[in-house]
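Participant: I have a structure here, written as structure tokens, and I will follow up with some questions on it.
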Amino acid sequence: MALKITLSMLCGYLLGSFSPSYFLGKLLRGIDIREVGERNAGIINAYKILGPIPAFFTTIFDLSKGLISAFIAHKIGIGYPINFLISYTAVLGHVFPFYLKLKGGQGEATAMGIFLFFFFRTLFMKSDFIIAFLLLLFYVLGLIYIIGLSRILGLYILPIAFLLVAIHSSTLEWVTILIFTAHTFAVSLRNRIKSGYKLSERTRVTIKWSRFAARPFALLFIIIYYQTSRSFILKLAGAVALTFLAFDLIRLSKAGINQAIMKTLSFAFKTKEEKTFSSMTHFTVASFLSFLLFPRETSCCSILFPVFGDMFAKLMGLEYGRKKLFEKTLEGFLGYISFGIIAGYVYSKLANFPFLLAIIGAFSGAISEVLPWKLDDNLSGALFSGLAMYYFGKILNWL
């Protein structure tokens, strides 16, 4: 077996190292394509320097390298999906060709070719994936409206597409897909940064990135709840909520303490929270109340919406908001719905929760977030979505 794996890896690397754009550049223009334009042997540089036809052949071959490598590994005797895992050597060969002093392309197309194989394989072989496919289509169309046909679009689409495929795949399959997805995402992100893309100053200044990054850690509540009991999660969530509540009460009780905390922890606290409870307190209290008021499946789903829906509503609204909707923006509202529904779908698959109720929850959370009232959306998002899902679930006899 070791010999078969070694031989498969060697074939993958050699196949990947063949660079059509390099040889076409030499043949058609007498140039080393790695020394002009974007200074690499990738598809985009081939299009800019050599034209559409050479770029087309480069695209077809680069997309196929990994698939051909996996096919060869299969013929040698490596089973599925290990043969695709081994085909990552084709990506490495593309990036580090031995005869070009290890300076090749970026491997984005080769990695994407493998990802697309798994995506369409899942689509055609698993009947329930059609819902995920339609959901992804809805998500993409929503993003196109919000962002436009920008090269940044792929950075929002690829992780979601991976997530939808992964929950329909075996462990070894999704680990394999993750490797190729991560490579494609990393290359795309690096290219966007090199091209000068960055978030607007308003977005960079307004969003508290430490809190933005910490939001997904709220998923630990869900994981712990499913591994323990209602009694335990109520004690845990209650203790966390009381800690944040006590901290805010102490902070707000003394002006000197408040000012010192706001200055020291300016990376975590918003200016508008100087004289009121923080959104972190509102969210932890809302989580506790959701666990207290609703069944496990409903309460766990309800806290997903302020975590992911509100998280991306802020990003989309600040960065791409154009049309006002009360005190928010239409783009932020659509961002909440899009990411909320995605989160709800993943949860519905993993927890056997009715997807239609998750959709109702996402819309309820988005509406509560956009309404012009004084109630903090971190508090209203979980409670209103939980309430809507609970009562619709009772009416439809789904809970």
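For all residues, glycine too, the Cβ spot is worked out from N, Cα and C.
Just so you know, TrEMBL annotations are computer predictions that nobody has curated.
In case it's useful when we look at the structure, here is the feature table from TrEMBL:
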type     : residues : note
TRANSMEM : 80-100   : transmembrane segment
TRANSMEM : 106-124  : transmembrane segment
TRANSMEM : 131-150  : transmembrane segment
TRANSMEM : 156-189  : transmembrane segment
TRANSMEM : 209-226  : transmembrane segment
TRANSMEM : 232-250  : transmembrane segment
TRANSMEM : 330-347  : transmembrane segment
TRANSMEM : 378-396  : transmembrane segment
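So where do these features actually land, and what's packed around them?
Facilitator: Using a Cβ-Cβ cut-off under 8 Å and counting only residues 6 or more beyond its ends in the same chain, the transmembrane segment (80-100) has close neighbours at 5, 8-10, 12-19, 22, 34, 41, 62, 65-71, 73-74, 106-107, 110-111, 114, 117-118, 170, 172-173, 175-176, 179-180, 183.
Within its own chain, the transmembrane segment (209-226) is flanked in space by residues 232-233, 236-237, 267-268, 279-280, 283, 287, 291, 296, 299-300, 303-304, 307-308, 311, 314-315, 351, which lie at least six positions past its ends and keep a Cβ under 8 Å from the stretch.
Panel annotation: around the transmembrane segment (330-347), residues 131-132, 135, 138-139, 142-143, 145-146, 160, 163-164, 167, 300-301, 304-305, 307-318, 320-324, 353, 355, 358-359, 361-363, 365-366, 369-370 of the same chain, lying at least six beyond its termini, place a Cβ under 8 Å from a Cβ of the stretch.
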Participant: Mind checking which residues reach the transmembrane segment (378-396)? Cβ under 8 Å, same chain, six or more beyond either end.
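Facilitator: Sequence-distant neighbours of the transmembrane segment (378-396): 279-280, 282-283, 285-287, 289-290, 293-295, 298-299, 301-303, 305-306, 309-310, 354, 356-358, 360-365, 367-369, 371.
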